[in-house]
Amino acid sequence: MKRIGILTSGGDAPGMNAAIRAVTKTAIHHGLEVFGIRYGFAGLVAGDFIPLTTENVDHKISEGGTFLYSARFPEFAQEEVQQKGVEQLKKHGIDAVIVIGGDGSYHGALALTRHGVNSVGLPGTIDNDIPYTDYTIGFDSACRTAMDAIDKIRDTASSHHRVFVVNVMGRECGDIAMRVGVASGADAIVIPERPYDVKEIAETIKRGFADGKDHGIIVLAEGVMDAEEFKDELLKYGDFDARANVLAHMQRGGSPTVEDRVNATKMGNYAVNLLLDGKGGLAVGMENGKLNTHDILDLFDSKHQGDFSLLDVNEEMTKD
């Protein structure tokens, strides 16, 4: 193996640049050439490759987003499109590829491996919804951004004795909502994985006001329902002022946290060493603080298990 490629695919996440940097510097240390593939699998098929050096990745560690850019490219599920991508890799002399992204990106990495190009997947998504890993690159930064926003929302909520339903990202995974909800002292956390009772949540809010509290915060995972709809349901059971706030894509931006920089660096370094050992079709993860690998194929038949103890802790402190 003399030359490897790296791409980012799907939604961007803080820490992706740190992973690209780690891959590049580790590979160069081992005498390999590194090419960045811009715009994900779309760029792979188009042959949009750029050489990466220590000099052009070193200052990227503190930057959010991905300087290789990203794009969703569902066409890569087609066999003939995959073959075009493989032909581009052969044309550029690239022997293996590291893919950073979510579950859709892993399908692409597996396809490349099946076509004879060893590929390793790194979990890059703020949603933290990848099986067999406790952590995905960007999750901690997204939580910090959401928590900072909710801290500011609380200021205005308190000024007006108002309730805010704050919608956070995560798709069908409630990990951001649970972590941010606990960190921001939410009165209720609502996630797709657990049943909820809007009337009971309204009673919790009313009880808080009766006890002298001057605001209410409900953290709502996006996979549950629209924030405005939830607010309207809530107001059926309570005579209080309420607003809905959707944090949306701001959670993907910003400089990555220490945790995201360190873990992305460890994962990028590990991925290169896997390729040097001739391994492919693997997904890198982290469980109990330690790096692991699983066959990518296993991920498609599994579901991420969140830390629901956070929800239990919050409910014990807020319910009667």
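Just so it is clear, glycine is given a Cβ too, placed from its N, Cα and C backbone atoms.
Owing to the predicted nature of the structure, the values given are computational and were not obtained by experimental measurement.
Feature list (source: Swiss-Prot):
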type: BINDING; residues: Gly11, Arg72, Phe73, Gly102, Asp103, Gly104, Ser105; note: ATP binding site
type: BINDING; residues: Arg21, Ala22, Val23, Thr24, Lys25, Arg154, Gly185, Ala186, Asp187, Lys213, Asp214, His215; note: ADP binding site
type: BINDING; residues: Asp103; note: Mg(2+) binding site
type: BINDING; residues: Thr125, Ile126, Asp127, Arg162, Met169, Gly170, Arg171, Glu222, Arg243, His249, Met250, Gln251, Arg252; note: substrate binding site
type: ACT_SITE; residues: Asp127; note: active site, proton acceptor
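When the binding-site residues Gly104, Thr125, Arg243 are ranked by how far their Cα is from the Cα of Asp214 (ADP binding site), Arg243 comes first. Comparing the binding-site residues Asp103, Asp127, Asp187, Asp214 by how many other C-beta atoms lie within 10 angstroms of each C-beta, the top residue is Asp127. Here the binding residues for ADP are Arg21, Ala22, Val23, Thr24, Lys25, Arg154, Gly185, Ala186, Asp187, Lys213, Asp214, His215. Their largest Cα to Cα distance works out to 52 Å. In this structure, the CA atom of Arg252 (substrate binding site) is 8 Å away from the CA atom of Gly11 (ATP binding site). Between the candidate binding-site residues, Arg21, Lys25, Arg72, Arg171, the densest Cβ environment within 10 Å is the one around Arg21. The secondary structure of Arg243 (substrate binding site), as reduced to three states from DSSP, is extended strand. Summary for the binding-site residues Arg243, Arg252: the Cβ-based neighbour count within 10 Å is maximal at Arg252.
Annotation for Met250 (substrate binding site): same-chain Cβ neighbours under 8 Å, separated by at least 6 residues, are Thr145, Ala149. When the Cα atoms are compared, Asp103 (ATP binding site) and Asp127 (substrate binding site) turn out to be 11 Å apart. Taking the centre of the Cβ atoms of Gly11, Arg72, Phe73, Gly102, Asp103, Gly104, Ser105 as the ATP site, the nearby residues of that chain (Cβ within 8 Å, site residues left out) are Ser9, Gly10, Gly40, Gly101, Gly108, Thr125.
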